[in-house]
Amino acid sequence: MVLITVLANLLILQLSYAQKSSELVIGGDECNINEHRFLVALYDVWSGDFLCGGTLINKEYVLTAAHCETRNMYIYLGMHNKNVQFDDEQRRYPKKKYFFRCSNNFTRWDKDIMLIRLNRPVRNSEHIAPLSLPSSPPSVGSVCRVMGWGTITSPNETLPDVPRCANINLLNYTVCRGVFPRLPARSRTLCAGVLQGGIDTCKRDSGGPLICNGQLQGVVFWGPKPCAQPRKPALYTKVFNHLDWIQSIIAGNTTVTCPP
């Protein structure tokens, strides 16, 4: 009975979201130069390698994925084209990194989130501004925006100079669990993608934003390989479920009470 329900959900969602395919560009398009002022790039200090994306949420904090952690990193803000520098680009280093350690009612799938306090505040500018945290959870069926400098081919890796942007659909979590049975029955992650395939986040997009209704609703977490397969959406850490933790740390309370 459960399998029938999941298959029915997949069919209904595939048919309903097919109607929205005209809103999407296969594989994503180059982001508009003014639409990603909050998008940051994480680099390894020693190798200079691009690691992950992240999101500026205020002048002093960046939100990204915990699996993007490396001992020595720097954060680049205001970048569009890796080979063309803007006058207002800024570089910062982590002053402190915070990881979500709560265990009550949270599985390992729910904890891929890292809050970075920058070594000094960022100045808002033409190409730098924070993105709002969510005021409410996103609704299934929402069309959301993803972006990043991650690979644009899979399984072989091709990294672009300019970030790519695409629209994907927020799906019911049961869709992801139907495709990936090892997922827990309940999760505080978001399931999102395009069931027809061809559009997806991929390697090195990790840590970047899932934006729904102009708010940061998700952090790029995990997806199948190769990327962008039909009927195989990806998982995003649900920011709304970590909101109290984030806001408490920003307010100076680093011994945060875990949410229920």
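In case you wondered, yes, glycine gets a Cβ from its N, Cα and C as well.
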From the list CYS68, CYS102, CYS144, which cysteine is recorded by Swiss-Prot as disulfide-linked to CYS212?
CYS144
Kindly state the mean pLDDT of the domain 'Peptidase S1' (25-251) in the predicted structure.
93
Name the one residue among HIS67, ASP112, CYS202 whose Cα is closest in three-dimensional space to that of CYS165 (disulfide bond); these are the recorded positions.
CYS202
Sorry to bug you, but what's the C-alpha spacing from ASP112 (active site, charge relay system) to CYS31 (disulfide bond), rounded to the closest Å?
25
Counting other Cβ atoms within 10 Å, pick out the least crowded of the disulfide-bonded residues CYS165, CYS191, CYS202, CYS227.
CYS165
